[in-house]
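Following: one structure in structure tokens, then a few remarks.
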């Protein structure tokens, strides 16, 4: 699943070519994503100039003077440029075509769990956006905040930091990596972790996410950035996808467990 670094990489890849362009048409070949793409989307957006892009958690906002296109990449989505008139493949569901017509913005989603929604309201007040927690790379995400939110919570720390109401964008890959870097077992209860260790975890989440963004995200299967290229952070992964392999610190075999139907990999020697 594309997580925050992949979404940020996508935004940075498409923004320079999008801003200032006017939409000529929207070709919707498959409207059945996580939520149905409404037939009105094309008429609402045609002729509109894109003013800027922004991100909230894993949602990309493509803004015009009239409203905002909200895009979520779901489990397997990608948003990238192709030369105009490039024939679509089976999983290429939507094309955004521009007046100058040299390139199109294409949305591809094999599993169709993503979303493309239009709103004329402030997108921060949209039902999908307004309840989200702070951005992990912002000053609002800090040790004081996390300690207060964790107090008394009897849920595993990995599950806790993956809750988008606590902090946005920390998905399975980067939760595994940040907890390893912080030396915290993923099954330790959030409410039992000291403020000092939570401060270390906050620092590690920020470091891991920033490094992943710098590498263009992590490509495990489907993801490509806005330039159509894969992310290269996979080569930096210390625990995710490395069950039973040697720990990069102590060389002991890494252990895999299941948490909330997701794979969790950690070192029983280096994480406590």
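Heads up, the Cβ atoms here are built off N, Cα and C, so glycines get one too.
What Swiss-Prot says about this one:
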type     : residues     : note
ACT_SITE : 2            : active site, schiff-base intermediate with DNA
ACT_SITE : 3            : active site, proton donor
ACT_SITE : 58           : active site, proton donor
BINDING  : 91, 111, 153 : DNA binding site
ZN_FING  : 238-272      : zinc finger
ACT_SITE : 262          : active site, proton donor
Open item on the list: In whole Å, how far does the CA atom of residue 2 (active site, schiff-base intermediate with DNA) lie from that of residue 111 (DNA binding site)?
Closed with: 12
Open item on the list: Comparing the recorded positions 2, 3, 58, 153, which residue's C-beta has the most other C-beta atoms within 10 angstroms in this structure?
Closed with: 2
Open item on the list: Just to confirm: which same-chain residues, 6+ apart in sequence, have a Cβ under 8 Å from the Cβ of residue 262 (active site, proton donor)?
Closed with: 172
TODO: For the zinc finger (238-272), provide the mean pLDDT of the predicted model.
DONE: 97
- [ ] Please name which of the recorded positions listed here, 3, 91, 111, 153, is nearest in space to residue 58 (active site, proton donor), Cα against Cα.
- [x] 3
Task: Winner by Cβ contact number (other Cβ atoms within 10 Å) across the binding-site residues 91, 111 - done: 91
- [ ] Take the zinc finger (238-272) and count its residues per DSSP category (helix H/G/I, strand E/B, coil), listing them in that order.
- [x] 0 helix, 12 strand, 23 coil
Open item on the list: When you rank 91, 111, 153 by Cα distance to residue 3 (active site, proton donor), which of the binding-site residues ends up on top as the closest?
Closed with: 111
Task: Largest separation between Cα atoms (Å) of residues that the record links to DNA, namely 91, 111, 153 - done: 41
